[in-house]
Amino acid sequence: SPGFEKPSTSQALPSVSLLQYSAVDSNPLSVYVMHPFWNFVVKFLPTWLAPNLITFTGFMFLVLNFLMLAFYDFDFTASAAGHEHVPSWVWVAAGIFNFLAYTLDGVDGKQARRTNSSTPLGELFDHGLDSWACIFFVATVYSIFGRLESGVGVTTLYYILWVVLFSFILSHWEKYNTGILFLPWGYDISQVTISLVYLVTAVVGVETWYQPILWHFLYRDLFSFMIIACSFTVTLPMSLYNVLKAHRSNTLKHSSLYEAFLPFLSPILLFVLSTIWVVCSPSNIIELQPRIYYLMVGTAFANVTCKLIVCQMSNTRCQPLSWLLLPMVAVVLLAVTGVFANETLLLYLWTAFVILAHIHYGVSVVQQLSGHFNILEEERIGLKEAEV
């Protein structure tokens with residue numbers, strides 16, 4: 001059924017077992033500060049602690065932040081003047097949880113190498129959860145500025161979210177074409193900055209962010225500018241440069257332009273469909289339910305991205321179209337034509353379906369990979385016994 005398809009065992013999984021993880025992290029903050037810190041932290045972890053459990057725990061800290069801010073600021077109005085603000089302790093917790101999530105995301109791979117338990121399943125689990133995490137930290141940060149006169153409009157934030165999402169998929173598009181994952185510089189800088197901003201907000205209050213930095217340039221404008229500028233002046237140029245460099249050295253995995261850019265087809269279609277719903281919504285759904293709409297878009301994007309990650313890991317061709325987008329066409333048509341009168345209910349139902357579909361897909365892939373590796377391990381043991 002749409003959104004619930006499992007990867008073909010015969011096509012996707014055999015070559016996954018041969019995967020050699022190849023990544024390049026050249027960010028000075030990461031190389032000279034965070035990696036030494038993570039190397040220090042991992043020494044205190046018990047060797048029985050599974051790396052995938054570390055990954056999942058870090059992800060759940062981001063989900064906890066999202067749920068915590070949803071409770072105190074569901075519609076992104078709490079930071080505006082005249083509204084009841086989010087308690088200071090929530091911002092302290094958000095800062096701690098965000099940094100813990102970032103730290104665990106950096107430690108999980110080191111724990112895997114330390115315990116000799118690195119597997120392709122760990123890479124898929126790590127990057128798959130990272131793709132879903134985008135929506136959780138973007139929505140949580142948004143609560144600092146909010147949506148009213150002192151903040152950022154919900155439609156503007158929708159487009160900013162898409163800038164973040166496309167910045168994320170660029171790295172995996174690079175690996176799909178080059179075989180090497182070039183870790184984006186913006187990630188480490190943004191995570192450290194976000195954690196500090198949460199803690200500063202707890203001390204000085206959200207009112208501080210109302211003040212202009214210079215003339216009429218506000219902190220909300222800096223927030224938007226930094227995300228967009230980092231994506232278009234750092235992430236995108238570096239991605240294109242790395243792919244072009246591979247092309248010139250004849251190491252590009254896909255020779256035709258169509259095959260090289262195929263991974264962008266489903267994300268672009270998702271952007272088009274979700275934007276049509278935003279622009280043509282009879283009840284202006286993005287104003288009514290911004291948090292749920294962001295969650296729906298971010299989860300659907302994570303589902304599309306995870307399928308790309310599986311393809312790049314297994315050296316198989318990327319799917320031209322994610323089946324999850326087919327029912328979404330029907331949902332958007334029902335919404336914009338007014339056939340389904342209660343647009344909010346439609347959004348909630350579709351969001352629930354997308355979340356369940358994504359979880360089902362993830363569990364299916366993990367089960368098949370686990371079964372595949374168990375078979376390989378049994379064959380390896382059998383060969384050793386035969387040699388003896």
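Glycine residues also receive a Cβ, built from the backbone N, Cα and C atoms like all the rest.
TrEMBL lists 53-74, 86-104, 124-145, 157-173, 185-210, 222-244, 256-279, 291-310, 322-341, 347-366 with the feature transmembrane segment.
Ranking 53-74, 86-104, 185-210, 222-244, 256-279 by CB pairs under 8 A with the transmembrane segment (291-310) puts 256-279 at the top. For the transmembrane segment (222-244), the most Cβ-contacting stretch among 53-74, 86-104, 157-173, 256-279 is 157-173 (pairs under 8 Å). The transmembrane segment (256-279) shares more Cβ pairs under 8 Å with 157-173 than with any other stretch in the list 53-74, 86-104, 157-173, 185-210. Remote same-chain residues near the transmembrane segment (185-210) are listed as 26-27, 29-30, 34, 79, 81, 85-86, 88-92, 94-96, 98-99, 102, 137, 141, 144-146, 150, 167, 218-220, 230-231, 234-235, 238 (criterion: CB distance under 8 Å, separation of at least six residues from the stretch ends). Residues 45, 86-87, 90, 93-94, 97-98, 100-105, 107-108, 111, 122, 125-126, 129, 132-133, 135-137, 139-140, 143, 146, 291 of the same chain, all 6+ positions outside the transmembrane segment (53-74), place their C-beta atoms under 8 angstroms from a C-beta of that stretch.
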